[in-house]
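Following: one structure in structure tokens, then a few remarks.
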């Protein structure tokens, strides 16, 4: 954290937040004493952004342990939201317990000790085989396939995919030593700003809906404008990454696209469950999964992009 | 024979264990209190809730503001909470439960009088009118008549229906390991005993008030 790019980056983020808070405050005063729901929601979101930036900043100061603990907790909350919306049965009790208190800590421990060979197959192979065994041993066969599949999904989304964010610090990139945390910052900034920019572009110019039955607020204009501007933003952040300007732009494009598609898939699950939000953890943002849905889908792809393109 | 023992101030170990219990409940369930039909009040009230898990009154307790927690006592079975040193400590020092005798042949004190005296002394009560933990697929078991007799004895007291959602999934009966699920505790509009109301009518009315708080299918939790 003592290097210049990190300080410049956090300075820039704080500047953006101060500006956003100022705008929110002015809008709130203009709306008068009765206020407006949209502006209240905006201000709640800005406050939540402050909390998130401070949390991420603190974990960065603590280095590797801080980041791994932060994302392990995020996985815990995300998984709790996921299983809460899943119709589980009594016979799933052991396997659910194992998901939270065995699979989750083991996955993050494997990342801690940088055992890539095992953490990349631990959940898709080993947990995949052992969870149905635990359920079968309890003998309740009602909707067996559905129950197993939903638990596997929860583990893949909330633990496996999300754990690829802190895994970025384990990559050995020549000439980039000691600055891997900035890769996490790059990923999170591109994904989150892409979400915000899609919303802004959609509000300003949105006409044609992408998937009206899934997510009525997503429009082609918002999608194209948001992803293009997030790509440009990512390219302009090349100086915090091991990439050149064009490479950073390409990486940002991939990340923003995956983020958008992730949001779409997670919306489909919410539709299926008949809910609007995954939870109520963060004021104005819904639950942990509402904020992380796009990160979840972008993280493993970005991780492998860097791993196969830039490590030795 | 109906005087309740005076409210004890909780012992220091009792208070420490109480706070640890609340912290644990928050970590596992992320519980939210949803004051839908009323707001927290220091007035003596009777909170009546569905009963699906051992942790039910802990969860209600957790979402209470601290001041309310100190003056609210769960009503629990004496035989269960007197067995063994751990349960005795939890029942007496941590939760300050109003213990009643379930067995109407051997009991020496009238449970309704006991509860009424606790209200008289300024406490609110948490009551589970189903009498036992519900392990069936039905949302509620039939109410026992205790709620009626208590309401009749204290007709001026607000009865607040409380729906506890999802806790039965955290630790189903017979399981010892908790699984994290998001839980909510919803407080409904208080009801009161109406003069001359007959027993079944009153129990039906309070049962419906409680069922009405259940989150509908797909409404989100």
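Here the Cβ of each residue, glycine as well, is placed from N, Cα and C on the backbone.
As the structure is a computational prediction, the values presented were derived from the model and not from experiment.
Sequence-remote contacts of a segment are chain residues at least 6 beyond its ends whose Cβ falls under 8 Å from one of its Cβ atoms, and for the transmembrane segment (A:7-28) they are 1, 35, 39-40, 42-43, 46, 49-50, 53, 57, 182, 185, 189, 237, 240. Residues or ranges marked as transmembrane segment by TrEMBL: A:7-28 (among others).
Under 8 Å from some Cβ of the transmembrane segment (A:48-79) lie the Cβ atoms of residues 1, 6, 10, 13-14, 17, 20-21, 99-100, 104-105, 108, 111-112, 154-155, 157-159, 162-163, 165-166, 169, 181, 184-185, 188, 278-279, 281-285, 287-289, 291-292, 296, all in the same chain and six or more residues away from its ends. According to TrEMBL, the feature transmembrane segment maps to A:48-79 (among others).
Positions annotated as transmembrane segment by TrEMBL: A:91-110 (among others).
What TrEMBL records for A:116-137 (among others) is transmembrane segment. Residues 91-92, 94-95, 98-99, 103, 106-107, 110, 144, 147-148, 151-152, 155-156, 159-160, 163, 167, 170 of the same chain lie 6 or more positions beyond the ends of the transmembrane segment (A:116-137) yet place their CB under 8 Å from a CB of it.
If you look up TrEMBL, you'll see A:149-169 (among others) marked as transmembrane segment.
For A:181-201 (among others), the entry in TrEMBL reads transmembrane segment.
Here TrEMBL flags A:222-240 (among others) as transmembrane segment. Long-range neighbours of the transmembrane segment (A:222-240) within the same chain, counting only residues 6 or more positions beyond its ends whose Cβ lies under 8 Å from a Cβ of the stretch, are 5-6, 9, 179, 182, 185-186, 189-190, 193-206, 210, 246-249, 251-253, 255-257, 260.
Sequence-distant contacts of the transmembrane segment (A:246-269), counting only residues of its own chain at least 6 positions beyond either end whose CB sits under 8 Å from a CB of the stretch, comprise 85, 157, 186-187, 190-191, 194-195, 198, 210-211, 214-215, 218, 223, 226-227, 230-238, 278, 289, 293-298, 301-302, 305-306. Here TrEMBL flags A:246-269 (among others) as transmembrane segment.
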Fill in the blank from the handout: Beyond a gap of at least 6 residues from its ends, the CB atoms lying under 8 Å from the transmembrane segment (A:149-169) belong to 64, 67-68, 70-72, 74-75, 78-79, 81-83, 86, 88, 92, 95-96, 99, 103-104, 107-108, 111, 116, 119, 123-124, 127-128, 131, 135, 180-181, 183-184, 187-188, 266, 289, 292, 295-297, 299-300, 302-303, 306
